[in-house]
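Participant: Encoded as structure tokens, here's the structure I'll be asking about.
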Amino acid sequence: MDRLESVLKEERVFYPSEEFRKQAHIKSEEEYQRLYEESVRDPEGFWGRVASELHWFEPWRKVLEGDLPHPKWFVGGKTNLSYNALDRHVKTWRRNKAAIVWEGEPGEERVLTYHDLWREVQRFANVLKRLGVKKGDRVTIYLPMIPEAAIAMLACTRIGAVHSVVFGGFSAGALADRIKDAEAKVLITADGGFRRGGIVPLKQNADEALKDATSVEHVVVVRRTGEEVPWTPGRDHWWHELMEAAPDRCDPEPMEAEEPLFILYTSGSTGKPKGVLHTTGGYMTYVYYTTKLVFDLKDEDVYWCTADVGWITGHSYVVYGPLLNGATTVMYEGAPNWPEPDRFWRIVDKYGVTVFYTAPTAIRSFMKWGEGWPGKHRLDSLRLLGTVGEPINPEAWLWYYHVIGKGRCPIVDTWWQTETGGIMITTLPGAHAMKPGHAGKPFFGVVPEILDGEHRPVENPDEGGHLCITRPWPSMLRTVWGDPERFLQQYFSQHPGVYFSGDGAKRDKDGYYMILGRVDDVLNVAGHRLGTMEIESALVAHPAVAEAAVVGRPDPVKGEAIVAFVTLKEGHTPSDALKEELRAHVAKVIGPIARPDEIRFTDALPKTRSGKIMRRLLRQIAAGEKEIKGDTSTLEDRSVVERLKEGA
């Protein structure tokens with residue numbers, strides 16, 4: 001039996017204020033329940049109504065055709081994402097509203113109104129056309145977190161080109177793999193980007209990648225740093241020179257709802273990265289609606305999601321979701337602690353940010369740096385907080401709620417994936433009570449099921465299993481680019497007929513889902529299956545601990561031994577006494593079964609460039625393997641792994 005034992009008890013419940021609830025889009029549990037039941041009973045009627053809030057050049061014949069794994073949404077409908085994100089607003093009072101508020105790491109500011117952005121996007125769409133880009137061609141975008149990244153994405157969608165954004169922190173090798181797989185015709189990059197006061201050599205990386213990736217005919221370079229960069233005449237072009245020569249009118253290409261919108265690569269733990277393909281109509285409709293309801297967006301909001309556009313969160317909730325809603329979206333180029341650990345809070349106060357969406361890994365860093373930094377700032381503009389990227393442990397949730405939100409801002413703890421396109425499980429901030437550590441309830445139209453290894457539903461609220469989705473939803477991935485077999489193998493083979501997320505979860509008596517981490521991060525200790533996230537949450541609840549990552553290593557007696565890698569808060573030092581204290585603390589919080597066999601103190605944990613802990617590498621280190629295997633292109637700092645290996 002493939003069931004997870006859940007041993008973390010978290011009973012605290014928090015409620016949105018009456019004032020928040022009264023003004024929210026969805027105001028009560030009853031309203032949520034009524035709409036949710038309708039969305040499941042009549043998905044065609046429900047999603048047809050939502051999609052009709054957007055502009056379609058031609059109406060659809062059928063809202064939903066077919067079932068998992070190959071549903072089609074809004075069949076026969078024609079639309080254009082850039083038209084809906086820009087032209088729709090430019091025809092209203094929003095033309096002069098700020099669309100993007102940008103701050104560079106060195107401190108410069110730019111504000112683009114909807115009218116400004118509309119003109120820039122059309123100009124760059126014409127640039128792409130002049131470089132020979134046609135509908136269906138792939139364009140790779142390798143840029144820092146600057147407005148040109150959003151402009152390039154929207155310009156691709158305007159002419160029906162398929163964008164593939166590659167995070168600016170990736171190496172030349174990772175970039176080359178992604179260009180080759182997509183067979184991109186044009187690469188858009190910059191002379192460099194700023195990060196922690198240094199310069200990221202994007203153009204040099206691009207040149208290196210193109211020695212290996214030969215499909216690219218043209219490279220467009222944004223002048224960001226002013227650094228001297230190598231140049232290939234005929235192939236390389238300055239962004240500003242091409243833009244000066246381009247007209248600012250470009251009619252949007254009417255796109256079939258199921259035509260490709262973008263490819264985004266997600267790392268497999270082995271083998272080459274997977275190119276997740278999203279399509280136009282369903283993705284647009286779903287990110288529009290989730291942004292509106294999950295973040296309770298109003299016209300006067302200043303919304304800031306701290307993700308980079310190189311990740312799905314940046315696609316859906318920095319660029320497309322906010323702009324489809326006519327919102328003001330904040331973009332920041334640099335690190336959260338540059339030049340000091342209060343950079344984020346400075347930005348919140350400076351621009352009057354009202355909705356703030358960030359990752360648990362960032363929140364744990366803020367905790368480590370101490371309450372003094374946010375304490376220097378008012379933060380009184382904030383009305384709603386969100387988290388994304390991994391489960392948030394209750395301790396970090398409570399810190400976020402009290403220290404950043406001052407106890408007055410609801411928190412939406414959102415579960416979703418690159419593959420799902422948009423938020424799948426969350427609380428709706430005016431409708432639901434919040435439970436720290438629980439993501440919440442399914443969004444409209446989402447039908448989750450927790451299954452055991454025999455494909456049977458897990459009914460016991462204290463038991464976890466595999467988190468699956470049993471019905472199609474509009475923004476789901478349609479395939480893995482160029483590899484339909486891998487698509488079926490990866491997502492639909494484990495539990496036939498349903499989408500398997502790869503995550504473990506449990507559902508409590510109130511229908512709230514708690515995400516227990518990746519199923520391949522499950523420990524099997526003396527016949528008990530334990531989720532690593534619960535043990536990590538117990539460790540982080542100790543006052544000395546900043547972050548923890550728990551993995552298993554083979555053990556001849558227990559099957560797996562529990563190894564915890566722990567970083568400490570400032571003011572605490574590693575010692576054998578502290579190791580014993582932490583082991584006893586976990587045993588007390590969870591039970592003796594979860595007591596770590598080994599605790600290793602470290603100054604940092606190996607993370608991806610989006611801040612997720614790479615437990616796969618820690619498993620190899622814990623097992624004493626000298627050679628690190630598998631794809632490490634997303635690893636942010638290789639020296640962390642080397643130091644951990646030396647300390648082993």
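The backbone N, Cα and C atoms fix where each Cβ goes, and this holds for glycine too.
According to Swiss-Prot, the feature CoA binding site maps to R195, R196, G197, G198, T313, N337. Under the heading ATP binding site, Swiss-Prot lists G389, E390, P391, D413, T414, W415, W416, Q417, T418, D503, R518, R529. Sequence annotations record features per position, and here Swiss-Prot assigns Mg(2+) binding site to V540, H542, V545. Taken from Swiss-Prot, the feature N6-acetyllysine applies to K612.
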Participant: Ranked by the number of other Cβ atoms within 10 Å of their own Cβ, which of the binding-site residues G389, P391 ranks first?
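Facilitator: By the 10 Å Cβ neighbour count, P391 comes out on top.
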Participant: Among P391, T414, T418, H542, V545, these being the binding-site residues, pick the one whose CA is nearest to that of T313 (CoA binding site).
Facilitator: T418
Participant: W416 (ATP binding site): which of the recorded positions R195, N337, V540, K612 is the nearest Cα neighbour?
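Facilitator: When the Cα distances are compared, K612 comes out closest.
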Participant: Select the closest residue to G198 (CoA binding site) from the following recorded positions, measuring between CA atoms: T414, T418, V540, V545, K612.
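Facilitator: For G198 (CoA binding site), the spatially nearest of the recorded positions is K612.
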Participant: CB neighbours of N337 (CoA binding site) within 10 A?
Facilitator: 16
Participant: May I ask for the distance between V540 (Mg(2+) binding site) and P391 (ATP binding site), taken between their Cα atoms and rounded to an integer number of Å?
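Facilitator: For V540 (Mg(2+) binding site) versus P391 (ATP binding site), the Cα atoms are 13 Å apart.
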Participant: Cα-Cα, whole number of Å: N337 (CoA binding site) versus K612 (N6-acetyllysine)?
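Facilitator: Here the two Cα atoms are 18 Å apart.
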Participant: By a simple count, how many Cβ atoms lie within 10 Å of the Cβ of R518 (ATP binding site), its own Cβ left out?
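Facilitator: The answer is 19.
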Participant: Using the Cβ centroid of V540, H542, V545 as the reference point for the Mg(2+) site, which residues of the same chain not in that list have Cβ within 8 Å?
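Facilitator: Close Cβ neighbours, site residues excluded: E395, A538, L539, A541, P543, A544, A546, A548, V566, L582, H585.
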